[in-house]
Amino acid sequence: MWKGFLCCLLVAGVTSLQEWDPNRQYVYKVESRAFTALHQISNQYAGILMRAKLIIQPKTREELHAQLVEVEHSQINKELPSGWDQEIEIHDWQQLSALKDAFAIILQNGHIVNVKVKDSTPNWAVNILKGILSTLQVNTQADNLVRHRYNILPNASTDSAVYSIRETTITGECEVEYDVSPLPALPLLQHPELAPLSNVNDNVIDIEKTQNFSNCKRRPAVHYGLAGIPDLEPGQNQMGDFLARSSVSRVVISGTLNKFTVQSSVTTNQVVMSPEMYNSQKGLIVSRVNVTIKDIEEARPIPLPGNLQDTGDLLYSYNNAHDIEPLQRDRQDSDFTLESDSSSSSSSSSSDENSWSRDSHSRISEENKKAQIKQQRIKANRHSDDDVTNDEISFASRERQRRSRTRRSIRNDDSSSSSSSSEEDYQPRPLRGQPPNIPLLPFFVGNRGNAAFLLSSDDPAEIVKSLAEEIKSDMKKPAYIPERSTHAKLMMMRDIVRTMTAKQLQKATSLIHSESKHDLGWIAYRDMVSESGTHPALEELSIWIISKKLSSEEGAELLATLPRAVIMPTPEYFEAFNKLVMDKRVRNQPIVNSTGLLALATLHRQVHDAEFSHNNYPVHAFGRMVPRNYNATNDFIDYLGKQLHAAMADGNRPKIQVIIRALGNTGNKRILNYLEPYLERKKNATEFERLLMVTSLDILAEINPELARQVLYNVYINIGENHELRCASVILLMRTQPPAAMLQRMAEFSNIDPVKQVVSAVQSAIRSAANLKEPGNLNLARAARSAVNILNPMSMDIAYSNDILSSNMIQDMDLGYKDNMAHVGSSDSIIPNTILRKFNRYAGGQAHSDINFSEMVSSVKQLLKALRNPLKQREDPLLRREPVADRREFNIPPIIIDIAPPLEGNMMLRWLGNDRFFSYDKNDIKQLFRNYNAAALPLADMHMLDDMKVYNQKSLAIAFPNALGLPSLFTIDVPTVLRANSTFRLLLNNTSSESSSIEVLPWKLGARSETSLTYSVKEMSKIAIVTPFNSMEHMAALERNILINIPIKLDVDFDLEAQNIALNMKLIGKDSNPRLAQLSTNTYTTNHKITIIKPAIQDEEANEIHVRPARMMRDTFGKLQTGIALNLEIETEDEFLDMEFVRQELQGRDFTSALAFIWARRTINNHNVTLSIDEDQSTTNAVRIEGKYASKINDVDAGTWTEWRSSRVERSAKRHHRPRPEAQEYDSSANPAIVDRADKLEEFLNRASGNRVHGLAVRVAFTGSSDATFDLTAALGLSNVNGSARALVSYISQPAHPADVMPRKTEYDLFAALSMPAPPIINFNQALEFDPDSNLDAGLSIFTNDKPSGNLRIKGELQQSEERRNAIRSTPAALACMREMANGNNNLLPSCRNATEMANRLDRIRLQAKFENLSDDLINNTYKAYTWIRYFTQPYVTENIAQEQNPGRLNINVDVNNDGTALNASVDTALMSITWTNIRLNRWTRSLVEPSPQDTALDRLAREALPLYYEPTCVLDVSQAATFDNTTYPLTLSSAWHMMLQYQPKRSQDDENLDDVPDIIRPPVAILARETSNRRKEILMNLDHTIVAFKPTSEVNVEVNGRILIIEQSRTTDIMAEGNLVLQIHRLPSRAVYMVAPQHKLLMIHDGKRVLLQASNGYRDEVRGLCGTFDGEPTTDFTTPSNCILNDPKAFINSYRLGGDREDNAWMLNYRAQPCVSRNFTSTDIIGKHMPRNPASRGFELPHPVNDTSSSSSSSSESSSSSSSSSSESASNSDLHNNSTSSSSSSSSSSSESAEGAPEKSSRKTSPPQTSTLHRTMVVEEVTEICFSMRPLPECAPRFKPADTLKKKIKFHCLTKGPTASHWLKMVKKGVNPDFSKKREHKQLEVDIPAKCVRH
């Protein structure tokens, strides 16, 4: 039955042919068009139309003869109002004679399988023929069926069907969906062109064909630069969110599905894309081929040429760019074949293989004949033989030889492979020194199918030289770069360089290279060679570097470009790159060598990252870039690994960092083999190097997140690891998209993790990840939300480690970003020692990494010390005198010196489009300053700098053939130019009296320069169609420009000692009205000639695309203020240009996305915004800025405030002799032009009385024909004894004015006095009872030309409401404080300090203002400001209009609610009342609107950011103490002195004399405490030989160096030493002593029983004592002088006891009895090992069996299962340890040892598995000690005995007999195996080890 059915199908297949009558010929009319446009902006199209007649004469059933006649073409560039398919009247048709020759069509089962053409027919013509014939490819019988459930197969009885088949057309061998249905007569009547030769009674069938590009076996396309788009298949129906592609054919046939005639066939191919990948307005490439039958005539012979050649099926064939010989496409070695290609192909037949072999042989044997044809073809192209260089001819010859060798190799090596000939046809891979043969791109196919200048008389080297000269000329006027299309010229240069051979590049170099480093033409050529990314370019770059044509920095910059720019990283490319990096001459240039290593490592990663390589390189045209098993990458990693070990041995720290980063850049799992011994502490490395190893796993985390996640999690979970490594692991772990279960484990662990740095990192990471919005991170966001409520709720200081993830999506624009900002907190500084930043932008579904920054340093404090003065010999703090200088003697405990880590650091950043990495150590910093010192004197002479950098921020291209067989392409380039042209000299005074030393910052610095800085970027988006026969590129383009141009003359004088700065600036340049900035957009269509080197936008045919008539707006500003007239010109086609337009454009954007997508617009249209200087209207041309800062410390008491006000009024009145309002408290001067600004600042400092006064004077003067001056003088006085502050501000404005107009001078004099009491700050109860209400008094006087013109007086009260006070009592902090006070009279613990601070905050503000004679301008500006406030607070504001009353008065009331979460405000004016209700407050705004007499607004903001470490505080309260790191413990002090704080500076490993440093030191700063009667505390301080004693009696008395001080509440007592302020002391209202030591940055409050000490963060990690270690971790606070960490607070206190009663040794016994726990880090297995799954084989003891029978059975089964599990485990972990061997099974049971009397199945159920061998710690008891084996040893399990033994020497750890040894002995007997592996080895003993165990 089945045989009969198959026979029927075969008969049907044979007869299912188009009804070709051999006696007739068929005449078809061919009409085709291909257009490109930004069609959703405007119906303006550019493109080509073609028409012809196709005559087909059948010869046999398998062969047709055909000819195209009357072939004509025409191009258009105009608007088509009705769209691309409207009828177009064309008058200038041109002949296309290359298509006139007859050809043959070979059929197989009715399908076109080959087209034979004349051998001289160019390849582009063949593709056009195939495009026309593709419309006639019809499969009505469902051959090559693609199985689908919805298929309805055709049959002879019906004319309808739905099915999918695989079919070959010009655009690919793809799945094609057929929809077949009868076509009724009515549509034919309406559209007779569908079937012109059909009759009314004919059976007409309509066939709709839809090509599915997402399911293709062969798909001609080329692409690059598409990395970052997940799940992309270039050329498919949809690519990302930016491009969609479709191809639909409508075929109308008459007859039946068995025999039919094609009446008409129309194929329409459309590509719709976003020009910038994100736009809602799209662009279009459309092509259509319409073949309609015109006549069926009597057959007339169509003579075929005699020299026909096969061109294959209808698939588009690639051109040969570098040879006029038709391209013979290679079938690549299977190692280069894409997996998708080989997997989708079927096995080849032997006949195909033989045919391939014959073709190869025949091509080789006809070389001479083809050489003759080549000569003829050159003449046919109207070029002589001389036009083809010898280099090109030799290249073609070598290419043919290579093809022959390749084919022979494949035929011989792969003849047995079923897939050898089924792989995709690929372009030939470029030979060494030859450019790639990239298909479909204009400069490779634009000249009659060849490279643009292959057949041209123009030499590419000469053309490149000409472009370099043009660019050089353009750069002379950088402000006009956009108009001159310099960026387009740069891209043309790059494209031409891509087509050039190595010899051509060498010639171009000889023509362009200049010995001058400032030749801009050479610089442009230099950068474009690196941007071209070809093998010849790399060879040329290598020559430049080795021959030192480039400086080291230039060479490094170009090498860093290569991973981004390379277009085909083939094995030959890697070989050349590797040869360059390994060259000795390059290794002698460290910066070049290190950058080259990093770039090469990055390139290895990019090629081996399957998704990146597939999307970024033209793999569908060339196959894989490197073979599947490319050993060069492994060899490179092995080389880096060896270099790492060697550098570790040499101690070359910068080199170590470079190698670690290079290993990380590879992103290969094999790097773990080299990092593992260091990460697991099996080999020595510094903690910083281990940290760098972890952060270098960032690439691995992206490429292999599962593997990286396992490693990073193992680092994180080890609480014995360094916190920096653990935090870095958390940061990278979040980049691996961890699942919800893992995040929940981390969140739960944060509740028990003892390290706060790590807890903070986990908290911030999970909380921020829960708010991610970017679609690619929705799974992470969901997982984080599942864990966020499990987190430790503790609030963390931002000084701790943080990992902040944020994202945003602008949905309607398909734009977004993901930002990861993280830092790892430092233990020795508030500044983080590691900062990581990764910022990705998303556009159209493509992710692009814009920022990849990291900054790491081993020790922030060590770095700051090195930067202060690396060469100057500083006083060694160890040489200072002993700290206690009075007559007492104390036994100060010796403190073991902590050794600071060696200074190491690095920075990685993306600079000028490239990733750069800089590493350093202390020697590098010293060398940096030596170089600075050496360069200081030469820089005093005038120097010239004229440099430029050109780079391409983004390069993207995708191209494929359209329905006409012509290349269609979409490209984006973003060329960027950064130019600096400067002449400068530096005037330095940086040497001290000692000629051998320098200062980091000179005391005086001067600079004189004339500089022109230019930044110009152009985004170039192009949608184009290439017609190779006339070298035209029909395009629609979008270009956006950003230009910033600053030509300026700058003189700077800086005096550090006098704190003065002066700047003189003047715009320079030869251009009139110099342009400063420009932002523009241009859209246009054009038909561009490829071989004419000219920017497309400059074509005569270039037509701008206009949406609507442009509007011009021009405004000049600044003329009346500064005298410099700035012109703002706006030309735009936007419909609206107002605030609503701005709001709509910013809709959906947060601040980050607004900056990241600054030029992204929702609509596309032409606009131009230009900012320039109008020199004709400007009256000034230079500006001088002068600034001076001054400060003063006064001895002022509280009563001075009244005296200051009254005396000030008198002095003001006497000096001015003019009437002033009573509110005016300050008069600037009668003649400001005479009084020097320095004198005025000094006067302000004297009048703004306070303990601390800060002053600032700034003057901005514009000079020219009419001067303009603006003077600001301000002073702020602050009190040390209360919260009062006083401010004076004077602002004098004298704008520019015409010569015939009197100058107008306006003066604003402001005074403000805030009077605040001194509140209780160490007693919460007193704070609740205290009245903190404060007063504000302020006034503003305005003078115009020295005459009063208005004044304003404000009086106000700042209050605390009774409701707020009552609410504070019930807050958690207040309740906790009350409990602490009740339990131990403790007032200074953290909860009480927080409660006291809340009790001093004010929640009510009442202001009354009176004003008169204010100018209308000031009133109008005030109202405008109010309208802005009203706009942004619209939901909260209400207005009530009232009758005018109380004119000249204004009342402002502000009330904050009790929780500080919202405020109400009201403003009452004469005309209206305005009310704001429930304006929400966050913690930052709350700090601003709730003033407090205890601190300033800046203090409150800083405390919100750094609640723990803004003012690090240590407290000794009555019965409890709190450390700097917030550890609270019970406190009991004896009468002996205890060390409260001891400054303990670390010694650096970099110090040369480290070996000479003693193990203990006596520090220069120490604070001692002891208890006297009534739990009072006496304090003794040593501050660099200044001894301060605090002695509590009835009140605390203070002695300084034995002298008793008189301390008052109303003023400070200042202690000076050597002209420096050492101490400031005063009493608080509670009579407690308040002391500040500004030089030592210490603050202390002492009330007799309690001591509060605040120290700056400069003491971090360098103190010891009762205040803890101050390293950020409470777990280390109880560190003793011997660096042991205790758990008992009493023992900890005793460890810092300084002696006392010699008879009382109980405290010492208590201290010594405590176990010493060191701060050493522990290591764990970070990277999984090959371990057997059997627990017993891993050293665990399993439960004993119940009976012998089950034991025997389980032993047998376990033996086999252990072996299999071991092997499977080995396989599962093979990606972690490729070079490791799996552990063998420890089971020695044979398979014959099975159970007796019980079935195997039941034994598995009743007994657990058992092994014959166990691992246990061996114990050897001796006379005085017990010894334990350091590792568990094998021994026979119960019921087993040794069959044989071996003697081995085993390491033992021994303990003296006693409690400890007995404890461990008991544990071993219980079956526990203690870990003695890290203990000290005491002896080796020879013991018997069982070799095999057998049953008893």
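Cβ coordinates come from backbone N, Cα and C, glycine included.
Going by Swiss-Prot, these are the annotated features:
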- 335-354: compositional bias 'Low complexity' (COMPBIAS)
- 400-409: compositional bias 'Basic residues' (COMPBIAS)
- 1750-1794: compositional bias 'Low complexity' (COMPBIAS)
- Cys1514-Cys1667: disulfide bond (DISULFID)
- 20-835: domain 'Vitellogenin' (DOMAIN)
- 1512-1705: domain 'VWFD' (DOMAIN)
- Asn981: N-linked glycosylation site (CARBOHYD)
- Asn990: N-linked glycosylation site (CARBOHYD)
- Asn1168: N-linked glycosylation site (CARBOHYD)
- Asn1282: N-linked glycosylation site (CARBOHYD)
- Asn1394: N-linked glycosylation site (CARBOHYD)
- Asn1413: N-linked glycosylation site (CARBOHYD)
- Asn1420: N-linked glycosylation site (CARBOHYD)
- Asn1464: N-linked glycosylation site (CARBOHYD)
- Asn1526: N-linked glycosylation site (CARBOHYD)
- Asn1747: N-linked glycosylation site (CARBOHYD)
- Asn1778: N-linked glycosylation site (CARBOHYD)
- Asn1779: N-linked glycosylation site (CARBOHYD)
- 325-437: region 'Disordered' (REGION)
- 1209-1231: region 'Disordered' (REGION)
- 1727-1816: region 'Disordered' (REGION)
- 1-16: signal peptide (SIGNAL)
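Between the alpha carbons (Cα) of Cys1514 (disulfide bond) and Asn1420 (N-linked glycosylation site) lies a span of roughly 53 Å. Distance from the CA of Cys1667 (disulfide bond) to the CA of Asn1464 (N-linked glycosylation site) is 43 Å. Least crowded of the disulfide-bonded residues (Cys1514, Cys1667), judged by neighbouring Cβ atoms within 10 Å of its own Cβ: Cys1514. In this structure the alpha carbons, written CA, of Asn1420 (N-linked glycosylation site) and Asn981 (N-linked glycosylation site) are 45 Å apart. Comparing C-alpha positions, Asn981 (N-linked glycosylation site) sits nearest to Asn1413 among the recorded positions Asn1282, Asn1394, Asn1413, Asn1526, Cys1667. Here the candidates are the recorded positions Asn1168, Asn1282, Asn1394, Asn1526, Cys1667. The one whose C-alpha lies nearest to that of Asn1413 (N-linked glycosylation site) is Asn1282. Note: the Cα of Asn1526 (N-linked glycosylation site) and the Cα of Cys1667 (disulfide bond) are spaced 9 Å from each other. Neighbour density for Asn1282 (N-linked glycosylation site): within 10 A of its CB lie 23 other CB atoms from the protein chains shown. For the pair Asn1282 (N-linked glycosylation site) and Asn1394 (N-linked glycosylation site), the Cα-Cα distance reads 19 Å. Cβ packing within 10 Å was compared across the glycosylation sites Asn1394, Asn1464, and the lowest neighbour count falls to Asn1464. The Cβ neighbour count for Asn1413 (N-linked glycosylation site), using a 10 Å radius and every protein chain shown, is 12. Per-residue confidence over the domain 'VWFD' (1512-1705) averages 86 (mean pLDDT, predicted model).
Under DSSP, Asn1526 (N-linked glycosylation site) is assigned to coil, being neither helix nor strand in the three-state scheme.
Least crowded of the glycosylation sites (Asn1420, Asn1526), judged by neighbouring Cβ atoms within 10 Å of its own Cβ: Asn1420. When the glycosylation sites Asn981, Asn1168 are compared by the number of other C-beta atoms lying within 10 angstroms of their own C-beta, Asn1168 comes out lowest. Classification of Asn1413 (N-linked glycosylation site) by DSSP places it in coil, neither helical nor stranded.
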